[in-house]
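Chemist: Structure below; questions to follow.
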Amino acid sequence: MHDFPDIDFTQRFIFDESDVRGELVALERSYAEVLAKHPYPEPVAQLLGELMAAAALLVGTLKFDGLLILQARSSGAVPLLMVECSSERELRGIARYDEALITPGAGLQDLMPDGSLALTVDPRQGKRYQGIVALDGVDLSESLSNYFVMSEQLGTRFWLKADGHRARGLLLQQLPAAQITDPEERDASWEHVVTLASTLTAEEMLSLDNQTVLHRLYHEDPVRLFDVQPICFRCSCSRERSANALASLGLEDAQQLVIEHNGSIEIDCQFCNERYLFDATDVAQLFAGGGVDSPSDTRH
């Protein structure tokens, strides 16, 4: 069964009789757009999809106005995975990899040994926050769950799956004691929902709609499912941002680059592959304080 809304989305749910909330995410279009920009090998595409699902879940969990950045680094076949998701639920992502070192069926520890995962919250107002954890789990789900074990008072667990076509995720998080105040009962309630979630197979997670998933896992528990929140792919690059980067070089260096590159500078967006061209006239106009016009020389 594959009866999802015709959008990418997150969807929150709560347990009426225990202090636990949950979030589900389903990505297809935004995942496909990221993969269309870069034809990644299957194991890399799967890891990137899982990280995209994680970012979407976290944006629904962390209350802030700005940008969430998940960045995984290693010295292995995949030195970089990066996903950005805004509080408006706009996603983009990228991976760097050494194709010669990629093997079919490779997992996180094969591709990113001795890796680390940085979670950065960059609010539009206020201080930037970053936390880092080792990528020491068997997969991204376990590694991200470990991050929250280290940094949060409340229990938080992730289940993430991707297959190159769809990316899905499930998050469970303890809430402050309200329904259940006895510590032992509270722990037992948490273990109950986590144990049941851990029975979900990759095939079920990738193919079943949210109502069916929750019924299979928690048909004996009162669960309330809320409305979906749309997610989309959107790159934040622009000609103006590229011009600002060029301006940071200074007039003399920018003019020299134009000469060295046969009359025009090309700035490429690493996320979406959009290209922005600047010639000598653009550079002169930029440093004269007039900004840069938006000509037809922006290319995909």
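Yeah, the Cβs are placed from backbone N, Cα and C, and that goes for glycine too.
Per Swiss-Prot, disulfide bond is recorded for Cys235-Cys237, Cys269-Cys272.
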Chemist: Could you tally the C-beta atoms, other than its own, that fall within 10 angstroms of the C-beta of Cys272 (disulfide bond)?
Modeler: 20
Chemist: Are there residues of the same chain, six or more positions away from Cys235 (disulfide bond), whose CB falls under 8 angstroms from its CB, and which are they?
Modeler: Arg92, Cys269, Phe271, Cys272, Glu274
Chemist: Does Cys237 (disulfide bond) have same-chain partners at least 6 apart in sequence with Cβ under 8 Å from its own Cβ, and which are they?
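Modeler: Spatial neighbours, sequence-distant, of Cys237 (disulfide bond): Cys269, Phe271, Cys272, Glu274.
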